[in-house]
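Notes follow once the structure below has been shown.
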C-alpha cells in the first residue's frame, strides 16, 4: 500500500522517502531495521490512502515519524532478533503439533478396531485438536510485529487542544476512593477551561452527591459536575453502558474519557494521549493499560495480566490499530461515538463491544503502553472471581449479539481482526476441553485404561512427536515473556491461571446455556468486596482459620481434583515400583507420563488454595497507606509504583517449569535413541 501511495504521487510517500534519506527519526540499519521502517510506512500509508483521510499536516507527520531522542540501536536490534527467533520457534512448534495430530489421526483410522474398543481415546484427541486451534489463535499475537511508536514532538503553536469531558461512572463505591479519583482528575496538566469531570452516579449515593458539592464549594471548581440518572422500573438501563450514554447526553466536548471510579489518572494523562488522536480522524480512541496499587505481593491471581497489557495489545496496536478498549483509561472521539450510536449496550462489557463496532465502521485505535492510570483490583478472592466471570459473560453476549456483523460477508474487519474477535470469546470455551482432558486422563490412570494404539514402532513415533512438541513449547514459552515486567513471575502466574480458572469459566458457560438472560444480571465488584468484608463480622469469621475455611467453598472442584489426582498417582506409581518395574514398558511409560501431567496440573489448580492459606493481599483499610499524596492531598504515582512486586512463592512453580522441561527433554532423548527398548530388553521385558 505504501508503493501505491507513492505511485499516485501523494505527499505521504514523498515525505516518507525524504525522511528516510535524511536519516532522521529512527536509527535503521542494514541489519534488519528496514523491516520496522517498512512497517511504519505501511501503517502510515494505510492511514493516508483512504480518500476521506488523505489530507496530511505537519503535526501528524511529526507524530508518526519523529522522536526527541534516537533509541539505542543495539536494544531495538535485539528486540527485532528476538521477535524473529520466537516467531520461527512458534511456527516450528505449530508444524510439529499438526504433524503429531495428523500422524495420530491416520493411525486411529488405520487401527479403528482398537480405537472402537478404547472410546476414551477420542475425547483426548478432540482436546488435542482444540488445543492446536488455541495455539494457532494465540500465535496471531506472537507473529504480529511490535510497532515502535515514537512520542509525538509538537511545537506549542501547532498543538490543537480540544475540549474534553472525563466520565467517572460510579455505583456505590466507597466515597473516599472516588474522592481521590476526582482530585487526581482535577489536577491534570491541561488547560482548566478545556476539560470537565462528570461524576455519573448510578447508585443514587447521597454521600457522593454531598462530596461533589463540598468539593465545588471548597475548591471553587465549576469543572466538577454531578449527574444522577433516573431509572424507570421495567426499562433496561444497561448498567455502566447506560450510565456512560447518559453522560454523552450532557456532554458537548469533542472528546470524552472513559475511566473507572477507582482509577487515579497521572497528571499528564490528557497531555500524553491527545496528540495521538487529535490530528488522526480515523483513530476513534486511544487506550492505555491498567495498573493497580493494591496488587498482592507476587500477583498470585494474575491480576496484572501482563501478557495482555504488555504484549498482546501492544502488537495488536501495530496491526491496523486493532487494540481494543479495556474499560478505563481511554479517550474517545465524540464524533466517532455518535456515528455508531454511542457506547454499545448489547453486552455487559461495553468496552470491547464498542471497540469492535468502531473497527467494523473503519475506525482504528491507538494503544499507548504507558502507566498513566492506577486503580484498585478486587480486594477479595470472591470479588476477583466474579469480575472475571462477568468479563466472560460479556464476551459471550458480545459474540451472540454481533457475530453476524463481525464475521459475515458485510463485515469490514480484516482477517486478523476477525480472528481476534473470535478468540476474545473462544478463549473461555477452552475450559470445556480442560475439564474433559483432566477427567479423562485421571480415569485412564485410575482404571488402567489402555491408551496405546498400534505396534511398538507406531506408538514410539507418536509419543516422540508429542514429546518434541511439548519440549518446543516449554522452551519457547519463557522467550515470549522476555522484556515484560517480572517475566518469571508473570509467566508462571499466567500458566497457573489457565488451569485454576477452568472450573469458574466452565460454570459460567453452563449457566449461559441454561439461562442466557440471567447472565445480564450482575453485582458490581465493589459491592461483592463490601459484602465479603461485612461477612467477617460474624462470630465464626472472627477466627482466622474459619475465615479461610469459608473461602474454600469456591474451591471445591480444585480440592477434589487435586486430592483424587495425588491419590491415584501415589497408588499407580507404587504399583509400578512394587509389582511391575520395567517388565511392562507400555504400562511404565503410560503411568509416568500421566502422573507427571496430573501432578503439575494439580499444583496449578491448588494455587488459589495456597493464596487463601498464605495470603499476600492488602486489606481495604490499608488503601490510603498504599498511596502517595502531595501537599494538596492529591494522590500521585510513578511508573515504578505500577509494577507488580516479586514474591518468593513463585519459585515453586518455576521449579515445576524446569522439571517439565527436563522431563520432556529426557523423553525425547530416550525415544529418539530407542533407549526404551534397550532398557526394557535388559530388564527382561523384551
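FYI, residue positions are counted from 1 along the chain as it appears here.
Every residue gets a Cβ built from N, Cα and C, even glycine.
What TrEMBL says about a protein is an automatic prediction, not a curated fact.
Among the ranges 586-614, 615-643, the stretch that TrEMBL annotates as transmembrane segment is 586-614. Of the given residue ranges 84-108, 109-133, 134-158, TrEMBL assigns the label transmembrane segment to 84-108. Taking Cβ pairs closer than 8 Å, the transmembrane segment (497-514) reaches residues 301-302, 385, 388-389, 392-393, 396, 428-429, 431-432, 434-435, 438, 557-558, 601, 604-608 in its own chain, all 6 or more past its ends. In terms of C-beta pairs under 8 Å, the stretch of 84-108, 427-449, 461-477 lying closest in packing to the transmembrane segment (586-614) is 427-449. Sequence-distant neighbours of the transmembrane segment (84-108) (same chain, 6+ residues past either end, Cβ-Cβ under 8 Å): 32, 115, 121, 125, 128-129, 132, 135-136, 139, 142-143, 453-454, 458, 461-462, 465-466, 468-469, 472-473, 475-476, 479-480.
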